[in-house]
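Asks: Below are the features listed in TrEMBL for this protein:
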- 1-20: signal peptide (SIGNAL)
- 43-157: domain 'DOMON' (DOMAIN)
- 166-364: domain 'Cytochrome b561' (DOMAIN)
- His204, His240, His273, His309: heme b binding site (BINDING)
- 205-223: transmembrane segment (TRANSMEM)
- 235-255: transmembrane segment (TRANSMEM)
- 275-293: transmembrane segment (TRANSMEM)
- 305-328: transmembrane segment (TRANSMEM)
- 340-364: transmembrane segment (TRANSMEM)
- 370-396: region 'Disordered' (REGION)
Amino acid sequence: MFRPVLIISVLFSLSITSHAQSCAKYNFASNQIFSSCNDLPYLNSFLHWNYDQSAKTVKIAYRHTGVSSSRWVAWAINPSGQGMVGAQALVAFQKSDGTMRAYTAPIAGYQTQLQEGDLSFPVSDLSATYARNEIVIFATLKLDGLNSTVNQVWQEGPLSGDSPAIHPTSGPNVQSMGTVNLLSGETGAAAGAVNSRTKKKNIHGVLNAVSWGILLPIGAVFARYLKVFPSADPAWFYLHATCQTSAYIIGVAGWATGLRLGSQSPGVQYSSHRVIGIIIFCLGTLQVSALLLRPKKEHKYRFYWNIYHHLIGYSVIVLSIINIFKGFNILNPEEKWKRAYVGILIALAFIAATLEVYTWYVVVKRKKSSRPHKMPNGVNGTNGHNGYGARAQDRV
């Protein structure tokens, strides 16, 4: 049962990790290397760049994936504010003859047709490529007078012949804007939009809190207390294993999200949080693997396996709770989320304490009920009158 689950979890983790590296590990066909990149939150877009702070120049590559040859794409900086009006755009599309056109277009109003024109800052080395349903715009921008944090807008829309037509005015097409810090790589959201990096941090936090912080302790409760009930055997083991394996799979997804955030945040490190996370991942892998190597009850090594399994399991639970609270300090969410998690822990602790008392009650009751059956026949009255047989009378 668990061998396929383990294989699926490994494949799942590999697929998530490969997806998490779509920006940082991307290799350009032209062998160009960019030190920074961001996965933009809308329209399947990515921004890569090299920023020279002293020269106030930035070399960019804007990638837009999943786009057909009948559509145009654009990326822009808006020196005057957020949004479309005032944006200084780089536009690209494939013409009907198969050649690429890349040009600059200042946007003065909402009814723009992206006419070609000079921008408010110098642009050089402007070019574009189209391959495998992906358009990439390359350019070097001279940003004198602008801070390292700039407003950005990106867009896509249909072509009318060899000219851009109006893009959709709902959904992701009106949300594709925000800010980017060319030094740190931090992205920000425009008014009413969600910060892409914060969104990824929240996903990372939720996945880890649910997996290591909730499912794993629930699995431990199943393992320790359900076996007290005869009708629950062997269901308790499957419940425990299901919780543990599910926690591992979801935890791998959270771990991969953390790797993605780390690769996109050069210079930003939370060492203790990262080290504890790696330890949890390694110990969690051991725990899931242990399900496949569990000796039978009568095996001579089963006693040592139980010690190992319990030690690793409780260590992972303790480390996970510690790391989740470290995550709360990093994310600094609303206090209600921390209180909710504390409430869940208190509820689990109360359930565990109640079941612990009941477990001892059952154990003591079973010992008392089984004690008369283990006494000699002469004492329990089977070989004599009134409970006293000849064997008992021989004892002086």
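Backbone N, Cα and C define each Cβ position, glycine as well.
Unlike curated entries, TrEMBL annotations are predicted automatically.
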Asks: Against the transmembrane segment (340-364), which of these stretches has the most C-beta pairs under 8 Å: 205-223, 275-293, 305-328?
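Replies: If we count Cβ pairs closer than 8 Å to the transmembrane segment (340-364), 205-223 scores highest.
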Asks: State the mean pLDDT for the domain 'DOMON' (43-157).
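Replies: Per the prediction, mean pLDDT sits at 91 for the domain 'DOMON' (43-157).
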Asks: Count the Cβ atoms, other than its own, that fall within 10 Å of the Cβ of His204 (heme b binding site), considering every protein chain shown.
Replies: 23
Asks: Around His309 (heme b binding site), which residues of its chain at least 6 apart sit with Cβ under 8 Å of its Cβ?
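Replies: The answer is Gln287, Ala290, Arg294.
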